[in-house]
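Trainee: Pasting the feature list from Swiss-Prot:
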- 1-40: region 'Disordered' (REGION)
- 1-22: compositional bias 'Basic residues' (COMPBIAS)
- 23-32: compositional bias 'Basic and acidic residues' (COMPBIAS)
- 102-124: region 'Disordered' (REGION)
- 106-124: compositional bias 'Polar residues' (COMPBIAS)
Amino acid sequence: MQYQGRSKRSKTGARLRPRSKKSKSELGREPTETTVGEPRFRTVDVRGDAEKVRVLSTNVVNVATDSGAERATIEDVSANDANPNYARRNIITKGAIIETDAGTARVTSRPGQDGQVNATRVDE
């Protein structure tokens, strides 16, 4: 868990007095780094009695084309602007360029938040 509330120090370094104790709503979670592999999912309880599906790993992508959408198999992550190391480690995030059996595609969904990987074709 990561605390995402106000810092105990101001930007000049002075101590800030707490307004209240830390609350559960100020906690965050570690990022889900979706990898290429056998499909694995995890459900997480979130606010409002809801659930969020996180993709831990997958090898399937929904590729949108001009004529519709098709299901394709992910072969490799060729580039990832979020972090150069993500491409080396085959981690899929929004905006990543992936190689599929249907061609090169850019990921448009957030796999750690949406529970699936959607992408659009990239013409080279």
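Each Cβ is built from the backbone N, Cα and C atoms, and glycine gets one as well.
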Trainee: When DSSP states are grouped into helix, strand and coil, how many residues of the compositional bias 'Basic residues' (1-22) land in each?
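Mentor: Its residues fall into 0 helix, 4 strand, 18 coil.
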Trainee: Just to be sure I understand, if DSSP states are collapsed into helix, strand and coil, how many residues of the region 'Disordered' (102-124) fall in each?
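Mentor: Helix, strand and coil residues of the region 'Disordered' (102-124) number 4 helix, 9 strand, 10 coil.
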